[in-house]
Amino acid sequence: MRTVNVTAAIIERGREILISQRLKGSHMGLKWEFPGGKIEPGESPEECLRREIKEELDLDIRVGDRLMIVEHQYEELKVILYCYRCSYLGGETKAKDCHDFRWVVIGDLKSFDFAEADLPVVRYLTAQAGSDAGSD
Ligand SMILES: Nc1nc2c([nH]c(=O)n2[C@H]2C[C@H](O)[C@@H](COP(=O)(O)OP(=O)(O)OP(=O)(O)O)O2)c(=O)[nH]1
Ligand SMILES: [Mg+2]
């Protein structure tokens, strides 16, 4: 069974987070995800994220703290997803190497059809946003 180490960026811009839709015909095609990709040999997760986000969406980001690591077994592949909080630095968002993208508020994440490995991340962010609102 193949295992891949993959980064995923939770990019915040104000109250919104960037999500992207995977290319048709790719693994998990047309599912929504947190953009990123496979870590290349010799690359740190932070370098990988900066490279992938530029390639896929033409954006510059600052990579912050790691949010969580999710291990998910798909039928044909095991994915270890390294999720980092990131902030938007600049650039106009473009779907360069993804089908589509959206900037969404956290409360709307649940209405997108995410890749299965992302569901713990979506649940965590949603719960956290709920408790933040409650503590005001
Ligand atoms: N980047 C990313 N990949 C995810 C997420 N959720 C999830 O299951 N994956 C899976 C799909 C793929 O099987 C695997 C690697 O992602 P990828 O296809 O983005 O890798 P990549 O950008 O390096 O693309 P490629 O050059 O290999 O075509 O991780 C996610 O939130 N973000
Ligand atoms: Mg990718």
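Going from the start of the chain as shown, residues are counted 1 onward.
Glycine is no exception: its Cβ is also placed from the backbone N, Cα and C atoms.
Taken from TrEMBL as is:
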type	residues	note
BINDING	ARG22, HIS27, GLU33, PHE34, PRO35, GLY36	8-oxo-dGTP binding site
BINDING	GLY36, GLU56	Mg(2+) binding site
DOMAIN	1-127	domain 'Nudix hydrolase'
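Highest local Cβ density among the binding-site residues ARG22, HIS27 belongs to ARG22, counted as other Cβ atoms within 10 Å over all protein chains shown.
Summarised by DSSP class, the composition of the domain 'Nudix hydrolase' (1-127) is 31 helix, 56 strand, 40 coil. Each residue in VAL6, ALA8, SER20, MET28, LYS31, GLY37, CYS98, ALA115, ASP118 lies on the same chain as ARG22, HIS27, GLU33, PHE34, PRO35, GLY36 and has a C-beta within 8 Å of the C-beta centroid of that 8-oxo-dGTP site, without being one of the site residues. Cβ-based neighbour count (10 Å, all protein chains) for PHE34 (8-oxo-dGTP binding site) stands at 27. Max Cα-Cα distance over the annotated 8-oxo-dGTP binders (ARG22, HIS27, GLU33, PHE34, PRO35, GLY36) is 14 Å. Between the CA atoms of GLU56 (Mg(2+) binding site) and PHE34 (8-oxo-dGTP binding site) there is a gap of 11 Å.
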